Amino acid sequence: MAGIFDFGPAIVLLPFLSFLIAVGTALSGRDLLPKGGAIPGIAATAGSLVLSVAMAAAVAGGEVYDETIYTWAVGAVPGSDGLELTFGLLIDPLSSMMLVIVTLVALLVHVFSLGYMNDDGETGLPRYYAGLGLFTASMLGFVVADNLLMAFMFFELVGLCSYLLIGFHFREPGPPSAAKKAFLVTRFGDYFFLIGVVAVFATFGTAQFVGTEAAPGFPVLAEQALAGEFTANTFLGLGTEAWFTVVGLLVLGGVIGKSAQFPLHTWLPDAMEGPTPVSALIHAATMVAAGVYLVARMYGFYAVSPTALGVIALVGGFTALFAGTMGVVKRELKQVLAYSTISQYGYMMLALGAGGYVAATFHLLTHAFFKALLFLGAGSVILAMHHNENMWDMGGLKDKMPVTYYSFLAGSLALAGIFPFAGFWSKDEILFETLIHGLDGQPLLLVGYVFGLLAVPVTAFYTFRMVFLTFHGDARTEQAESPESVRWNVKGPLVVLGTLATVAGAVNLAPVRVLTGAHVDFLHAWLDGGFSDLTVHHYAEIDPYSSAYIGGELTTVLLGAAVSLGLALLGLGLAYRLYAVPEPVEHTDKLGSAKDLLYDNYYQDEYQVYLANRVVLPVARAADTFDQGVVDGAVNAVSSVSLFSGSRIRRIQTGVVSNYAALVTLGLTALLVVFGVLGGWLL
Amino acid sequence: MSDAGSRPRLKLGGHLLPGLAAVALFAVLAIVFLQASFGEPAGFPEGASITASIGYAMFNVDTGILSETVVSGEGFVVAFILIAIVLDVAIDGAVFLAKREEDGRIGGVLADGGREIRDALRGGDD
Amino acid sequence: MIIEALIGITFLAALVVMLAPDEYAGKLAFALSLLPVVGSLYMWAGFDAGGNALMAGSIAYQTQLDWLTVAGYDLQWFVGVDGISLPLVVLSTVLSSLAIVSAWTPIDTRQSQFYGLMLFMEANLLGVFTALDFFLWFVFWEAVLVPMYFLIGVWGGPRRKYAAIKFFVYTNIASLVMFIGFMALVFNLPVGSFGLPEITQSLQAGELSSFVGLDPATLKLAAFAAMFAGFAVKVPVVPVHTWLPDAHVEAPTPVSVMLAGVLLKMGTYALLRFNFTMLPDVATRPLVATVIAAIAVISVIYGAMLALAQQDLKRIVAYSSVSSMGYVILGLIAYTGLGIGGATFQMVAHGLISGLMFMAVGVIYNVTHTRMVGDMSGMADRMPITVGILVAGAFGYMGLPLMAGFAAEYFIFQGAFASTVIPSAPLFTAASMFGIVIVAGYLLFAMQRTLFGEFSLETDYEVRRAHFHDVAPLAVLLLCTIALGVAPNIFFEMITDAIEPVVAVVGGGA
Amino acid sequence: MVPPQYYLLLAAAVFCIGVFGLLTRRNALLFLMSVELMLNAANINLVAFSYYWGNVTGQTFGLFTMALAAAEVAIGIGIILVLYRNFHEIDVTEATTMRW
Amino acid sequence: MEPLLMQADQLPQWTALAPALALGLTGLLLILIDSVDPDSSRPALLAGIATVGSLASLGLAGWFLSAGTGQAGTGGGISLFGDALVVDGMALFFQALFASVTALVVVASYDYLHDHPHRAEFYSLVLFAATGMALMAAANSLAVAFIALELASLPSYALVAFLKRDAGSVEAGLKYFLIGALSSSVFAFGISLVYAATGSLLLPDVYAALSGGVEGLTGVAAVGILMVAGGFAFKTASVPFHFWAPEAYEGAPAPVSAFLSSASKAAGFALAFRVFVVGFPLDAGIDWVLLFQVLAVVTMTLGNFAAATQEEVKRMLAYSSIGHAGYALIGLAAFSGGAGGDVLGASMAHLLVYGFMNTGAFLFVALAEHWGVGRTFDDYAGLASRAPMASVAMSVFMFSLAGLPPFGGFFSKYFLFMGAIDAGFWWLAAVGAINSALSLFYYSRVVKALWLNDAVGEFELGSTPTALYAAIVFAAVATVLLLPGFAPVIETAQSVATTIVP
């Protein structure tokens with residue numbers, strides 16, 4: 001196994017190196033590097049991208065790689081080899097695709113940052129680039145992880161980086177708070193994930209995703225266990241399948257946290273406090289994507305647990321609609337994008353839960369491009385608007401920043417799912433898969449499908465509300481009149497991503513395959529390669545779903561696509577009617593009482609803050625009072641009682657010698673009586 | 001002590017009360033002694049000189065070599081020497097204590113627990 | 001002989017520093033404290049022991065001399081290290097040196113006495129971790145109290161006297177309880193010395209006879225309870241933890257560092273050596289295991305909840321130590337390789353990280369003269385490097401992967417989850433794991449309020465950047481933490497080797 | 001013969017009378033006298049049982065007890081003397097500067 | 001040393017009493033000098049003679065001990081004068097202890113009595129009391145025991161009242177004397193009852209007569225034994241005969257307090273150990289082990305609890321001395337026949353260590369009195385800054401009394417507890433442990449006052465009293481060295497204790 005894969009660790013280590021360089025620069029406190037340390041980051045991500053592409057090429061050639069490269073620790077098990085906790089690289093179609101996405105987006109974000117951060121005169125740039133470098137490195141480490149523990153570790157590091165970057169502007173009140181919230185909420189999810197990791201080890205004795213023939217990975221073991229070929233340890237008296245479901249749901253906790261699924265999505269809108277390029281990175285390629293990627297990574301395990309899949313689908317579908325509705329009323333550009341992210345990842349979850357492994361991966365891919373694009377575009381606008389993010393202060397930017405506008409428009413069309421942009425293909429495939437699996441007696445999936453379908457017009461509506469308010473009509477403020485111009489380092493990434501957002505759908509034209517029979521579903525083929533246990537058709541074999549169609553397959557495809565496209569256009573049209581006017585006004589009042597509900601995000605933040613401030617904190621204070629009063633009070637009481645009894649005992653010593661004599665006599669008499677009785681010579 | 005200046009003292013009417021302890025002690029002793037049973041007293045042999053015997057015992061005289069009848073007893077010569085010293089010491093101590101001091105108070109030592117100073121400062125007993 | 005040299009040199013250094021003039025005492029103490037550091041590293045380099053010292057494993061650097069005979073028992077000068085004690089020895093020497101450096105700024109009175117006592121304490125700590133004879137161990141164990149009493153009482157905060165006496169008396173009571181329990185055990189064994197290996201092996205051979213009407217099993221249970229209670233205070237676990245926050249809050253920074261970093265580990269070390277190695281049959285009784293696991297979980301969660309309610313940064317870290325020590329207890333009672341190994345590893349890891357946290361808080365205190373969360377904000381603006389390290393340390397405390405704390409906690413969780421000793425182990429484990437959420441909560445809240453936002457300070461002190469010698473120990477500790485997190489095998493391998501026999505007795509898994 | 005019990009009872013009675021005096025009298029000299037009574041109670045036993053056991057040990061020891069009583073009185077008088085000089089009375093309950 | 005050791009073996013038997021004789025003769029010499037030259041203005045000479053005398057006694061006792069005089073190796077205890085005295089290892093052990101304390105007290109008193117006129121009396125009384133104690137340790141007959149006890153007590157009364165112009169001292173003397181007189185009467189009555197039951201005063205004979213119980217006289221013997229125990233309780237300041245102790249120790253000149261609370265207490269134990277172990281069998285109608293268990297528990301608890309709330313250091317030490325009597329009583333309370341020698345030895349060792357640390361502590365109080373800094377804890381505040389050496393020494397005494405390493409008191413106390421546990425009386429050790437913890441609280445108050453508290457005002461300390469200082473420092477050094485050097489002490493104590501067990 002020599003060759004390109006030996007450079008696998010370098011993909012992770014290059015950005016890490018750039019992190020170290022940036023940290024060194026930051027510590028020195030001097031301006032040692034040009035561009036505040038951006039250059040090493042750009043070089044490193046570019047290097048990683050090159051390597052990733054090379055690896056993807058190798059994978060395309062049918063090669064895969066799964067090697068343990070470092071043994072972290074070995075737990076002693078008397079009489080056997082022990083439990084090995086290792087680090088390893090797993091490079092297969094899925095991870096190599098993800099590597100390319102991550103490195104590409106990271107590279108573009110680095111470049112964009114030159115414009116967004118450097119040109120804007122930010123301070124603390126080495127710290128910023130250090131964060132980006134570590135962020136990229138952590139995500140890449142997560143992507144290539146060949147076992148669940150390693151994945152968890154890098155998953156956590158991703159969380160750390162999000163904290164550091166969201167809170168980059170630590171002198172302001174908002175960012176540190178948002179950073180804290182992001183870490184805390186995702187940590188809550190990770191708590192379950194960690195239990196899941198522990199449980200996987202305890203259940204299977206390994207957490208390898210793939211493993212070898214002799215020692216297969218845990219998804220395979222789970223399969224075998226259900227087939228009765230392997231005895232997995234189960235706990236708490238649960239049956240094998242029930243236990244697997246529990247473990248799967250535990251791991252899912254981390255996914256829900258990181259991928260901002262209901263009910264742990266609340267951190268994500270707040271995370272917009274971070275610099276915009278960071279948002280792009282978080283949303284498109286790293287942190288949020290990590291959750292969905294994890295499910296895809298260990299899909300074989302979920303596939304054997306129908307309950308877990310059902311939960312995933314339902315959570316995803318619900319989140320897709322739920323988040324979309326909140327995006328409808330937001331005034332800030334980035335807030336709209338934030339809710340769109342939550343919503344889009346909901347789609348991916350829906351797909352995964354519905355057995356649409358390819359669809360989910362596909363949407364992950366296209367979303368990475370168009371969401372990165374939209375964020376960078378938004379960044380461009382924000383830069384132009386001197387960091388005013390309120391869309392109601394914009395308007396008419398279309399003519400002043402055409403590059404931004406057209407690329408942003410491409411991204412918006414993709415997000416809204418308008419044919420033929422990338423988002424259309426992937427979203428359509430998700431809905432299609434959900435539908436056909438749901439029709440085959442899975443009412444849960446049909447519910448998810450309805451959610452997903454309803455989310456389509458909502459998505460289109462808020463997306464184009466955003467576009468129209470920002471770029472169309474007349475400039476509503478002076479800033480919008482004369483926006484700051486942006487340079488190549490902003491425009492370049494926009495152009496690249498705009499192109500990708502437009503055409504990336506071509507990698508998996510599944511409906512076309514159905515229509516024409518031509519094998520144009522390249523991604524499907526791609527993901528069907530590599531380790532046999534990790535292939536699409538393997539997953540299809542083990543998952544609990546089969547397909548049913550309305551009419552025939554073709555009819556269903558066309559019907560589904562038509563409905564979703566129609567709904568998207570409906571939403572777009574509505575947005576056009578309401579906001580593509582010279583003087584748009586808020587129409588939120590028409591929503592009636594729902595308005596407040598939407599503005600306040602269904603009180604999701606409120607109840608979580610309530611839980612924290614009104615439940616946990618008082619409980620903590622009560623515990624503190626209890627501790628000080630009762631526990632410590634008991635300790636102090638022992639000493640007080642001792643001292644008090646001491647002060648009583650010393651009163652025996654009255655100072656009058658006659659009393660002493662009396663006490664001596666009494667004491668002697670008492671002893672005589674007691675021992676007389678005991679000794680039997682008195683009474 | 002509620003009222004300042006009142007030293008604890010035995011109450012006049014009840015000053016015999018502690019005596020009950022002595023009565024109780026006697027009761028206990030009496031009960032024990034009345035239960036004791038004794039054999040016949042060994043008594044002293046006829047013609048033995050008790051005084052002489054005491055003398056022999058007092059000085060550890062080996063009575064085996066004496067012809068007269070003696071009552072045996074343990075040797076007390078050590079006790080005798082000791083008692084001499086005890087009396088010596090008693091005299092020494094008693095004389096020392098009884099001596100009148102010519103030069104007023106002794107030294108600067110305050111061995112009353114600092115109470116004198118405290119009382120002087122507070123102007124009274126506590 | 002190297003252990004004797006190590007302890008002797010440290011005692012000697014204490015004496016020398018005690019007599020040195022105040023101006024040079026700090027530097028001199030640091031220079032002299034490097035000798036034991038070098039010594040312990042040398043011991044590490046040449047470490048060749050295998051297995052558990054108490055269970056017929058080979059002991060490194062062993063010396064065994066008869067000292068005196070009491071009631072037919074030999075008291076020995078019996079020292080040596082195995083895979084459990086060596087990491088703690090290294091931790092003690094390294095942390096002592098760093099704590100001494102961290103004292104340079106805050107300690108400005110009676111320096112020579114301060115540093116002398118620090119070294120004196122270090123010497124005794126080394127004794128605790130190397131002694132293999134009960135009485136010798138007990139001498140060192142108790143002797144640690146004396147310097148600690150003065151260090152808190154003389155150089156501490158406003159309520160230092162209360163805190164010092166409370167610490168002193170509380171832990172002393174605990175020692176006495178433990179002593180009685182242990183002695184009741186020893187006297188009913190057919191052993192001729194207080195050598196811990198001999199006692200352990202005799203106990204495990206089932207040679208205990210009954211005592212004043214208690215059959216051996218009951219006697220073991222009683223002794224176990226007494227010893228557990230005694231050590232629990234030192235650890236400390238809920239509900240006998242209340243001396244700790246008081247002591248920490250009042251103690252000066254370097255003393256807190258030693259208290260949290262090393263002194264608490266005495267308790268867990270002793271629990272491992274005595275309760276869990278000598279009396280596994282008691283510990284693994286379902287009821288006992290349940291109670292201990294429950295105590296562990298309560299310590300973790302309750303300690304963390306208390307930390308959440310605090311406003312004083314030091315109190316926060318102090319309560320979080322209670323929480324972290326709960327993990328150790330959980331790992332120990334798990335009786336699995338990763339559980340006990342992780343617990344031992346956590347002793348070292350928590351030593352480094354809590355030391356780091358206390359030091360960092362101390363550095364901030366040095367310049368702000370307040371530790372109250374509400375009194376300051378935006379410290380990151382004025383002390384970027386210190387704050388940076390503090391943040392890193394805090395994440396280490398939260399169990400960030402690739403730092404030592406995560407490794408330790410993960411081992412413990414993994415070990416405890418699959419434990420066959422704790423009934424319903426997964427539930428206990430999952431419950432205790434919730435600590436990682438709460439710890440994130442209180443540390444993040446505290447950091448947000450003190451370190452970030454706009455700079456403001458309630459006290460009228462001119463905030464200046466910290467000295468190099470204030471920050472350098474922090475950096476060293478951070479690097480050690482990361483090194484152990486990335487490569488836990490630095491210590492974990494030898495720990496595993498040493499605890500495997502303990503696990504094997506019970507037949508536990510990973 | 002008088003049964004030995006009687007001597008024991010007599011001695012106990014004398015002893016307890018001594019104790020009674022000790023407990024109820026505040027005059028230091030009476031205190032001393034009470035102590036003398038108690039010591040002599042011991043002597044009654046010693047002498048009586050010297051005969052009972054047929055050895056002179058008891059009698060001899062009785063002599064020593066008397067001598068000791070004398071020595072005790074000597075010291076006692078000395079102390080009472082200084083007590084008087086300091087407190088201007090010999091009431092033993094007056095000297096109560098130290099208590100508790 | 002070998003020839004010298006041989007020689008000790010070949011001396012006439014009576015010379016085994018040399019340690020006691022040295023003390024007694026020195027006392028007589030001092031009286032002689034006093035009568036020849038009543039207004040002697042040569043305090044150094046008097047102090048020197050007393051010191052030399054006590055050191056000679058110490059040297060002789062030490063020599064005999066190391067030579068094995070009276071020990072199993074050389075034929076066992078040397079009986080003298082019709083078995084009235086026996087010189088064995090235990091006697092010599094205690095004599096060495098008394099001589100050490102006497103030497104320390106004598107040296108310290110040189111400064112304490114710096115302008116006091118009656119030095120000769122003082123020294124002679126101290127030495128006579130020491131003589132009495134030395135003989136108590138060797139007494140093998142109840143008669144000698146009683147007289148020796150009086151020889152130790154009578155000078156003590158006078159010594160407590162030594163500052164006869166000082167109301168406190170006199171009051172202390174009065175109370176000590178009165179309770180002492182009562183106790184010695186009880187003791188004498190007890191002896192008479194034992195004689196009534198056995199017809200003998202020699203301990204081995206008493207033992208033989210009492211073994212298996214005396215037909216019909218069990219009650220008499222039992223009452224006698226209990227009353228004898230009362231006599232010892234007085235001497236050792238054990239409940240319920242302890243009432244004199246707080247006042248006597250507090251009111252007496254501090255060196256006398258040191259002497260009484262260390263040496264006199266140890267003498268009481270020396271006698272009690274021998275009388276009970278050699279003289280009274282365990283089945284003599286009264287379970288005296290249980291009796292001492294009760295006394296031990298009550299004594300240590302009362303002493304420690306009362307000490308915890310005192311405001312004055314000296315009185316606190318007085319109560320702590322009662323508490324320590326309770327610990328030492330464990331020697332008898334955990335006595336269990338044949339194997340009892342070990343716990344007895346532990347008790348002896350504790351008394352030896354206690355001799356140094358407690359004497360030292362009282363001498364520090366003497367130093368404070370000498371300087372006139374007051375007596376309460378508050379008065380001691382910040383003293384460490386003015387007298388660091390002495391304060392270090394005091395801290396050593398306090399921690400050692402509390403039973404902390406690295407000081408001698410640590411071992412002695414823990415060996416006592418071990419002895420109790422070994423004998424099956426773990427609860428006794430538990431009570432001791434609770435008390436010990438409490439004692440840590442009040443001992444550390446002294447340390448706290450010295451080191452942690454700030455002085456209220458300026459100290460106007462006079463010159464440094466060299467002799468007093470030397471005695472304190474010596475005691476401190478001994479207290480520290482008794483930890484590493486505990487081996488010979490405990491081994492000797494246990495081996496000599498084992499030999500007296502019948």
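A Cβ is built for glycine as well, from the same backbone N, Cα and C atoms used for every other residue.
TrEMBL does not curate its annotations; it predicts them automatically.
Small disclaimer: the values here were computed from a predicted structure and weren't measured.
Going by TrEMBL, these are the annotated features:
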- A:81-129: domain 'NADH-Ubiquinone oxidoreductase (complex I) chain 5 N-terminal' (DOMAIN)
- A:145-434: domain 'NADH:quinone oxidoreductase/Mrp antiporter transmembrane' (DOMAIN)
- A:38-62: transmembrane segment (TRANSMEM)
- A:69-91: transmembrane segment (TRANSMEM)
- A:97-116: transmembrane segment (TRANSMEM)
- A:128-145: transmembrane segment (TRANSMEM)
- A:151-170: transmembrane segment (TRANSMEM)
- A:278-296: transmembrane segment (TRANSMEM)
- A:336-358: transmembrane segment (TRANSMEM)
- A:364-384: transmembrane segment (TRANSMEM)
- A:446-471: transmembrane segment (TRANSMEM)
- A:492-510: transmembrane segment (TRANSMEM)
- A:554-576: transmembrane segment (TRANSMEM)
- A:660-682: transmembrane segment (TRANSMEM)
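Secondary structure by DSSP for the domain 'NADH-Ubiquinone oxidoreductase (complex I) chain 5 N-terminal' (A:81-129): 32 helix, 9 strand, 8 coil.
By the Cβ criterion (distance under 8 Å, sequence gap of 6 or more), the transmembrane segment (A:554-576) is not counted as touching the transmembrane segment (A:151-170), fewer than 3 such pairs being found. Tertiary proximity for the transmembrane segment (A:128-145) is limited to same-chain residues at least six positions away from its ends with a CB under 8 Å from its CB atoms, namely 8, 11-19, 21-23, 26, 36-38, 40-41, 44-45, 48, 87-91, 95, 98-99, 102-103, 106, 109-110, 113, 117, 122, 151, 153-155, 157-158, 160-162, 164-165, 168, 209, 275, 277-278, 281, 285-287, 289-290, 293, 297.
Between the transmembrane segment (A:446-471) and the transmembrane segment (A:336-358), three or more CB pairs separated by 6 or more residues in sequence fall under 8 Å, so the two stretches touch. Using the rule of three or more Cβ pairs under 8 Å, pairs at least 6 apart in sequence, the transmembrane segment (A:38-62) is in contact with the transmembrane segment (A:97-116). If you count C-beta pairs under 8 angstroms between the transmembrane segment (A:97-116) and each of A:69-91, A:151-170, A:336-358, A:364-384, A:492-510, the highest count goes to A:364-384. In this chain, the transmembrane segment (A:151-170) lies out of contact with the transmembrane segment (A:364-384); the count of Cβ pairs under 8 Å, excluding pairs fewer than 6 apart in sequence, is fewer than 3. On the 0 to 100 pLDDT scale, the domain 'NADH-Ubiquinone oxidoreductase (complex I) chain 5 N-terminal' (A:81-129) averages 84 in the predicted structure. If one looks beyond the transmembrane segment (A:151-170) by at least 6 residues along the same chain, the residues whose Cβ comes under 8 Å of a Cβ in the stretch are 124, 127-128, 131-132, 134-135, 138-139, 141-142, 145, 176, 178-180, 182-183, 186-187, 190, 193-194, 197, 254, 258, 271, 273-275, 278, 281-282, 286-287, 290, 294, 297.
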